[in-house]
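A.B. asks: The structure follows.
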Amino acid sequence: MDSAIDGVRQPPARAGSRLCTHCGERKAALKRPKTLEQICRECFYIVFEDEIHRTIVDNNLFKPGDRVAIGASGGKDSTVLAYVLSELNRRHKYCLDLFLLSVDEGITGYRDDSLETVKRNEIQYGLPLKIVSYKDLYGWTMDDIVKAIGLKNNCTFCGVFRRQALDRGAALLSVDKIVTGHNADDIAETVLLNILRGDIARLSRCTFIITGEDGPIPRCKPFKYTYEKEIVIYPYYAISLIFSCVIVLCSSSIFL
């Protein structure tokens, strides 16, 4: 609705003229999906990293000297996680030994390309990379499984084998923790699925930020409170961050 000053109707303010609610100096570049704040690129970059840092500290995810394996698939979530965690480790002196841990399921035309991305991340971020394969661990690949059983339930098989492969790879690296790129959207989806399935046991633990504490290697989710859209936006504003994975914005409505 147009505003009126002294009886004179004024045109509505243009979206592009709004200032960042954080610094109050630069023009806002986007509306944060998480808070709906109007924020500039520079402040978004800072706030995004600071929120993840607070999540790590407030939940005591790590202790100095921990060896931490980052589950790296070559996708946007794990790629952003690897970069941000390595930056925060350096900046805030977490004193962590970080590693990239990838699983080669043996899916022709899919995993080949993403593993190349992870190998580039190894060089870009200066993090040691360990790749474990279904072929080496189990003696067969997912392509072999599909040939034997068809496409029905193949994702269920792959999920179980992949979790075991991550644990075995982490054991080979002698790490204390595994971190994954599961974000707030992933957790919300899991909650809904468990409600629909009536799986009370999983529903009670699927929102935990640390899982598997009773097992050999706990898993942590530093992105538990991070929205997927903001993970997608982040690489565009982190100028020094070189991403090899293809990132497509989910919606243009996040920009002013």
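In case you wondered, yes, glycine gets a Cβ from its N, Cα and C as well.
No curator has checked TrEMBL annotations; they are predicted automatically.
Pulled from TrEMBL, these are the listed features:
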- 68-203: domain 'tRNA(Ile)-lysidine/2-thiocytidine synthase N-terminal' (DOMAIN)
- Gly71, Ala72, Ser73, Asp77, Val103, Gly181, Asp186: ATP binding site (BINDING)
- 231-255: transmembrane segment (TRANSMEM)
A.B. asks: DSSP secondary structure for Asp186 (ATP binding site), reduced to helix/strand/coil, please.
C.D. replies: helix
A.B. asks: Is Gly71 (ATP binding site) helix, strand or coil when read with DSSP?
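C.D. replies: In the DSSP reduction, Gly71 (ATP binding site) maps to strand.
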A.B. asks: Need the DSSP three-state call for Asp77 (ATP binding site) to compare against my parser.
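C.D. replies: Its secondary structure by DSSP: helix.
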A.B. asks: Measure between the Cα atoms of every pair in Gly71, Ala72, Ser73, Asp77, Val103, Gly181, Asp186, the residues the record assigns to ATP, and report the largest value in Å, rounded to a whole number.
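C.D. replies: It comes out at 20 Å between the most distant Cα atoms.
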A.B. asks: Would you count the other C-beta atoms found within 10 angstroms of the C-beta of Ala72 (ATP binding site) for me?
C.D. replies: 31
A.B. asks: Near Gly71 (ATP binding site), which residues of its chain come within a Cβ-Cβ distance under 8 Å, counting only those 6 or more away in sequence?
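C.D. replies: The list for Gly71 (ATP binding site) reads Ser78, Leu101, Ser102, Leu166, Ile178, Val179, Thr180, Gly181, given in order along the sequence.
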A.B. asks: Three-state secondary structure of Gly181 (ATP binding site) from DSSP?
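C.D. replies: Reduced to three states, the DSSP call for Gly181 (ATP binding site) is coil.
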